[in-house]
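Only one structure is covered here, and it is reproduced in the block below.
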Amino acid sequence: MNDTKTPGDKTLHPAPGKTLTLKRPVEQGTVRQSFSHGRSKSVVVEKVKRRVFAPGEAGAPSGTPAAAPAATPAPAAAAPRPATPAPAAPRPAAPATPAQPAAEAKAPAPAPTPAPAAPAAPVAEAPKVEAPAPVAAKPEAAPAAPVAEAPKVEVPAPAPAPAEPVAAQPAAPVAAAPAAPARAPEAPRPAVSAPRPAATTSSGSSSSSSRPAAGGAQRSGAAPQRPGTSGGPGRPGAPASGQRSGGPGSDRRGGPGGQNRPGQNRQGGSGVVLRTLTEEERNARASALADARVREVEERRMAEERRIAEEEARRRAERERAERAEREAAEARKREEESRRALEDESKRRAEQEARKRFGEETGRSGGASAPSTSTARPLTPRPAGTTTTTGAPAAGEEEDRRPRRGGGVPPRPAAPVKLPKSAGGEKHRGRLTVVTAQSGEEERQRSVASFRRRTQRMTGHRGMQESKEKIVREVVLPETITIQELANRMSERAVDVIRMLMKQGQMVKITDVIDADTAELIAADLGHTVRRVSESDVEEGLFDSADAPEDLLPRPPVVTIMGHVDHGKTSLLDSLRKANVVSGEAGGITQHIGAYQVTSPLGGKITFIDTPGHAAFTAMRARGAKVTDIVVLVVAADDGVMPQTVEAINHARAAKVPLIVAINKIDKPDAKPERVRSELLQYEVQVESMGGDTLEVEVSATKQINLDKLLEAISLQSEVLDLKANPDRPAEGTVVEAKLDRGRGPVATVLVQRGTLRVGDIVVAGAEFGRVRALITDTGATTTEAGPSVPVEVLGFNGTPEAGDRLAVVESEARAREITEYRQRQKREKAAARSAVVRGSLEQMMSQVRSTGRKEFPLIIKGDVSGSVEAIIGALEKLGNDEVQARIIHSGAGGINESDVTLAETSGAAIIGFNVRANKEARDSAERAGIEIRYYNIIYDLVDDVKKAMSGLLAPITRETMLGNALILEIFNVSKVGKVAGCRVTDGTVERGQHVRLIRDNVVIHEGKLATLNRFKDAVKEVLAGQECGMSFENYQDMRAGDVIECYRVEVVQRSL
């Protein structure tokens, strides 16, 4: 090819008559390149345009036939390269960098002639970096036909295709990507590959020989820049040109470009024919390129490490600066605190001195009193100002030290110490405090002495306030127990102060804890209050036994209690008096409930009778009857005489200090002996009138109604002697004789009114229960609106079932009733807790007793119709136990059996006993599923007997030994299949086979067991009589000797009972 040296456009002549013009091959641009670590920089990008051939020019130079086969191997070697653009992508970055030196050469050149030299370098450099093999193939084809270079290399055109976009990738990856596909269809690939040997090899391609003049001019134009830009593989001169340094393109350009271009410069402007590269040179170039790539990767890694190290150092420096600033601020705060404390101590000392001075002066001088206050106030005022001045200097110094750092971009802003004078002075919400205002002290001078005194009091924990405040002494009413909150409220003190005092005494308590009256009194006394102790039982004051005026008392009917032994005719006698038939409705013909009735006397008055059970289990009922009665009628059967319950009734009457009337019943029977009864009563100090005593006696017959009128006359006479009176115009008082839980009516209490009048609507209290009277029912079943003294009625309206024997009273309000019942319920709970505490305290003792004696328990759940019957059953069952077994009542109550009772029985394994009550359907079904036994009784005898039998079954049976006889061992025989057999003679009694025996040697029992075999003359026999000889063998024992004595006895198991 020919290269002209005209200053105008350069023309390349690949063949005669053909002219190729290159116009503006390079375009420059600036791109902002970002890196992964967040940094970015500007990069100058040059775009190289392809030279476009006319369609006729591409096919015109036909070339020699020999050149085609020579060029054929080149596409074969270059074809695989475009198929794998991934590895080739980073390599062709070199062409972009050679374009930059070309641009540098273009800037100082006065003529645009050197500009076309730029496309030759990048296009030729790309295949050199991509793969040396295609580059070597093209020069081999060039010597064969130098003129036909362009057409021959038209086939390997795909090789530059990946090189074109990749060449621009290092410089501007975003901009180069769309440029490549845009120019691909316009420019024929041979045009790009034709000038490639001229710039790539620089050492002699065939194309350079065809245009030596142009090549010389091109190289001479680039000569002033190339030596400066080529500096070996590392490209040290690249950064000085103002282009980007450290990129991959600069390293790759420096390797091969630096080796060949000085040779071109030495040739000057003359066109010469360059020789083709040898195999050694190609290998050396390839190795140089590989070394350049390795160095490039290493430099990248080192640059990244340097960047990371610099970033870490920068962050470390920032942290150190922040820590140093924090330490300085902390030290400043510490200094401020120390100075503040010193000033406070000084001011406190001065205040104390001033106080002592004022105390020594006369109190009557007002002027002298104001002077100390002024002197006291003046030292206090400058103290905050002094504090501000002390702290202001270091604060200002630190502020000045921080200003350069804030200007330098240091983000941390430590808290300015100037805020400390604000807290030291106690200033709040006065606006922002700056260094200037803190040093000037204007804010502090505006504060008053009172505000400073308040701050001082806050600092000292209100000690000064407590000393100066006038104490208000109160009278504190203390019950037996009180909560801390309630105690504090009554003293008008803070609860935390009370808790603090208790903590000083070593008690860790909460505000809701309960303390006793002694502790509360100590606390109240320490706080300066006076104490008045009251008891919780004071709520019951005035509830009972209030005195009545004599003029308000009116006569009332007598209350007569009929007592005596069981089956002595008490209920029959009362039926005869009432003209009723109560006996026929009683189960078993015995009275098991206490009943109250009113009978009209033949003399015109009314008499109230209370019928008590005679069974031994109903002792409590008889005691209650004796307490509420005025007269006791002791019924004694003439044919039976005085019995144990008769004696008990006598003792109850004496304990209640009530007169006694003896009614000798059943005088109509043939074996009646009234005289025997009178004589037996003398043994218990009961002397009737017929025997010179003062006790009235009447011989009656309940069934025959003999002398009933005489009995009523005796009762009336006795009541006249007693002169019974009561005040009906007052709130009612009475006694609960019996109580029960009725399914339809709820809790029902049989009440005997003793004083006052009970009306419907009254609020009543009985024991731990209260309620409003909804209805009053007499003994005949009639409903009444009021009941006066000595009138028995059934009261409906209680919120719970009261206990028999509880006293009833009418209160003025429901609040009072609730207060009383809450107190009584609390008392009941405390008693139960005390009992359980005693049980817990003796638990080890009880368990050791159970282990040692084998004591067993029979758990029971008892439900009865009335509370009195339940009480009697519990008392009777508790008496059944002994040291080995006892009845344990899990639960008891009045009312029917429900599901909760069955669930409790299932949990505790107890049996359920119902006395005159039944279980509902749900309870029966639940008991059937759980296998719980429910036993029903209506006679207390049967109930107690069955429980006794069941408890007797828990007793361990005893064994009883019956001696049968003795035998003496005469000789020992060894028998096969049997072992040792003792030949014996029965000395006394008999010896039976299978009975227990003892082997005695030297009067010591050696063995106890059973007799296994008993033979006589080789025949097995059941027994051997005295004087006969026999053979014996024992079960599992062989150590028998002649002269031993065998004792035979029978063991009998005897079942025990309570």
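Cβ from N, Cα, C; glycine included.
Since we're looking at a predicted model, the values are computed, not measured.
Listed features, source Swiss-Prot:
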- 564-571, 611-615, 665-668: GTP binding site (BINDING)
- 1-12: compositional bias 'Basic and acidic residues' (COMPBIAS)
- 54-81: compositional bias 'Low complexity' (COMPBIAS)
- 96-108: compositional bias 'Low complexity' (COMPBIAS)
- 120-156: compositional bias 'Low complexity' (COMPBIAS)
- 164-228: compositional bias 'Low complexity' (COMPBIAS)
- 292-364: compositional bias 'Basic and acidic residues' (COMPBIAS)
- 368-396: compositional bias 'Low complexity' (COMPBIAS)
- 1-468: region 'Disordered' (REGION)
- 564-571: region 'G1' (REGION)
- 589-593: region 'G2' (REGION)
- 611-614: region 'G3' (REGION)
- 665-668: region 'G4' (REGION)
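Shown here: features listed in Swiss-Prot, placed on the structure.
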residue : record           : Cβ neighbours (10 Å)
GLY564  : GTP binding site : 28
ASP567  : GTP binding site : 16
LYS570  : GTP binding site : 29
THR612  : GTP binding site : 30
ILE667  : GTP binding site : 19
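Mapped onto three states, the DSSP output places GLY564 (GTP binding site) in strand. Long-range contacts of the region 'G4' (665-668) within the same chain: residues 568-569, 572-573, 635-640, 674, 699-704, 706, each at least 6 residues beyond the stretch ends and with a Cβ under 8 Å from a Cβ of the stretch. Looking only at the region 'G4' (665-668), the predicted model's pLDDT averages out at 88. For the compositional bias 'Basic and acidic residues' (292-364), the number of residues in each DSSP class (helix H, G, I; strand E, B; coil) is 69 helix, 0 strand, 4 coil. Taken residue by residue with DSSP, ILE667 (GTP binding site) is part of neither helix nor strand, so it is coil.
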